[in-house]
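Residues or ranges marked as active site by Swiss-Prot: Asp104, Asp292. Among the features that Swiss-Prot reports, disulfide bond is placed at Cys117-Cys124, Cys283-Cys287, Cys325-Cys362. The domain 'Peptidase A1' feature in Swiss-Prot is assigned to 86-403; the stated evidence is sequence analysis. Among the features that Swiss-Prot reports, N-linked glycosylation site is placed at Asn71, Asn141. Taken from Swiss-Prot, the feature signal peptide applies to 1-23, supported by similarity to another entry.
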Amino acid sequence: MDGWRRMPRWGLLLLLWGSCTFGLPTDTTTFKRIFLKRMPSIRESLKERGVDMARLGPEWSQPMKRLALGNTTSSVILTNYMDTQYYGEIGIGTPPQTFKVVFDTGSSNVWVPSSKCSRLYTACVYHKLFDASDSSSYKHNGTELTLRYSTGTVSGFLSQDIITVGGITVTQMFGEVTEMPALPFMLAEFDGVVGMGFIEQAIGRVTPIFDNILSQGVLKEDVFSFYYNRDSENAQSLGGQIVLGGSDPQHYEGNFHYINLIKTGVWQIQMKGVSVGSSTLLCEDGCLALVDTGASYISGSTSSIEKLMEALGAKKRLFDYVVKCNEGPTLPDISFHLGGKEYTLTSADYVFQESYSSKKLCTLAIHAMDIPPPTGPTWALGATFIRKFYTEFDRRNNRIGFALAR
């Protein structure tokens, strides 16, 4: 394993286990730090249980969903969380009911399972359920909410209550899910989702939670940032953190390099090329890239990823690309050209060994994903990229900043 990492069986999902401030300033503005832990993804759980992914059908490899509110369907295509590796914790209601959630820059709505979900839905049995009758601050709304995933439909209705995140409380409209398919959600370590995107992506134009936090004026800056610990060997180590209102200099070095968003409303930037070794192989004429905290891997169009995998000598196995483990350390660097700077991943960053596999094959943390217009075609830079580069999402200036993580 010289020079690269082994992916442990518990994977890289994160469980938020606490929050604190970086200090206690005398004024009312500050920024909050949320600590995170690791847990397994849905796909990892399926593989560990010996599930034949090929028999589940091709829809399980398509990391997309379509959101709808009432009779209106959004054109936003987002991750289906099959490979999501990071999640945290929020409280809903008075007193707070605690939920494990994915913090997703690719979506803008908040949803958790509801106590009104029938126990005929096995996935609801295995998750924490929000009980409105236990909250003194709950307000009924009732507007129908539907999330159509490639692997099944999640539906419910909108409600309003107080949500606590990172020590901040906000009054927030959120979805109470009453119907959710057993697969994949029965195996999900997370209960729901907190969208960190823009109101333009929000179904029903529901104000996103970060917008509501900003309206209170409690943060030092109109930004939030993500750090994912690259130490995959120690399950008890700090898994990472989300900072609301700033960035943590303990976890990056040097200065941030900023790239403006393509347009307001989506965390998407311009990319000027993808290099393998010293040769620019893809995106020579420019392309788009989402920065997606709800995704584990780096993804691109099928045609682009096939060309990239051919250059790396990787073979397709079901929905993954693999190489012989002894070849992993010899694979070339992959560089992403963003804002006039190259962001380089070594094989140690994008190759991992599945500890539940008896074969000496290692998986590449790069997948094919075809996203249609208007968002796509686009690349998506998920946890594989964010682990290497501390990422700041700047709402005030509509830009994303990267700095080398440490």
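Note that Cβ sites are derived from N, Cα and C of the backbone, with glycine treated the same way.
Of the candidate recorded positions, Cys117, Asn141, Asp292, the one lying closest to Cys362 (disulfide bond) when CA atoms are compared is Asp292. Closest to Asn141 (N-linked glycosylation site) by Cα-Cα distance, out of the recorded positions Asp104, Cys283, Cys287, is Asp104. A Cα-Cα distance of 19 Å separates Asp292 (active site) from Cys283 (disulfide bond).
DSSP assigns Cys283 (disulfide bond) to coil in the three-state reduction, outside any helix or strand. According to DSSP, Cys117 (disulfide bond) sits in a coil region rather than a helix or strand. Nearest in space to Cys287 (disulfide bond), taking C-alpha to C-alpha distance over the recorded positions Asp104, Cys117, Cys124, Cys325, is Asp104. Cβ neighbours of Cys283 (disulfide bond) (same chain, under 8 Å, six or more residues apart in sequence): Met271, Lys272, Gly273, Val274, Ser304, His337, Trp379.
Within 10 Å of the Cβ of Asp292 (active site) there are 30 other Cβ atoms, across all protein chains.
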